[in-house]
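Below is one structure, written out as structure tokens, with a few remarks after it.
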Amino acid sequence: MCEVGTRPPPAAERGEPPGGAAAPAERCRDMGEQPIFTTRAHVFQIDPSTKKNWVPASKQAVTVSYFYDSTRNSYRIISVDGAKVIINSTITPNMTFTKTSQKFGQWADSRANTVFGLGFPSEQQLTKFAEKFQEVKEAAKLARDRSQEKIETSSNHSQESGRETPSSTRASSVNGTDDEKASHGGPAETHLKSENDKLKIALAQSSSNVKKWETELQTLRESNARLTTALQESAASIEHWKKQFSACKEENDQLRSKIEELEEQCNEINKEKERNAQLSRRLQELETELQDKELELEELRKQGEIIPQLMSECESVSQQLQDAENKNKDLEEKVRTLRTEVEESKHRQTNLKTELKNFLDVLDGKIDELHDFRQGLSKLGVDN
């Protein structure tokens, strides 16, 4: 039977070239176990403290295989991550594989006192693994029933032999003579012989099984010895790798410190570059402002050249403005005079209108008098 959970023997003892390593499946085949189904999945175990949360047993998807041990007629699920065994579960008839989601399933192992969980890449792989689990479970149940039948048969044979032997002894003591034994105990003796033959066969099988178990025990002892040697070599290798790891760690720390120093220098250089870029931008801005100021100065110079002409024009315009103001004052004075004259003319016109009305009234009176006088004259002429 394959010893899972220990490191393999050294390459030299396995007959492999130095530096090679046989896979766990190969070791199991060498010891009598054969893989009957293999897949890949992420392995989890239930948290022993909370019994609720899942703890990853592998960092990535690993090989998970069903193994059949022909010598013991047993089935196991085995998975190895590098040199570490993460699943070693013997299938029993009372185990149950449960699908908890489309890609995840679990089963409880009371011997290992844990619950294993497998995460598959697809639902089809989960279904195949569950079907194989059911097949293996039924096969384990059948193997257990056969084993119990063999034990019960062997036990019944032993009990029958124990019951028949005292009766034959009592028969011999009662009958007292060999002739009487032959005449009265013939069928019982034949039955006892057949039972003894069966017991001899069972004993021979038991002896064969004992030898086989002794051979297997010796093989296991040799395997354990090789594994012990391999463990010692592994321990020495671990110490060697620990020293190398410490040296690498120190070198890594030194490189990290150098990297940090270089990063600081790079940061300073970047800051200087940024300051230089800011100064360059400021210099360009100042140059642009200087050009603008030079243009303004040139404009002012041009304007300064025409200032005297503008001054003379301004004086001429001022004189003209003064003359216009004087003329305006004269015109205002004339306007006031004209207004006064207009007011006086209006007053005179009003007086004239009044006098004309009075005259017209007087004239109307005189006309009436002349009319009357004419009428009088006309009357006088008629009378004459």
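Counting begins at 1 with the first residue displayed.
Glycine is no exception: its Cβ is also placed from the backbone N, Cα and C atoms.
Ranges compared are 1-26, 53-78, 105-130, and TrEMBL records region 'Disordered' for 1-26. Note on the compositional bias 'Basic and acidic residues' (140-152): residues 73-75, 91-93 of its chain, located 6 or more positions outside it, place their CB under 8 angstroms from a CB of the stretch.
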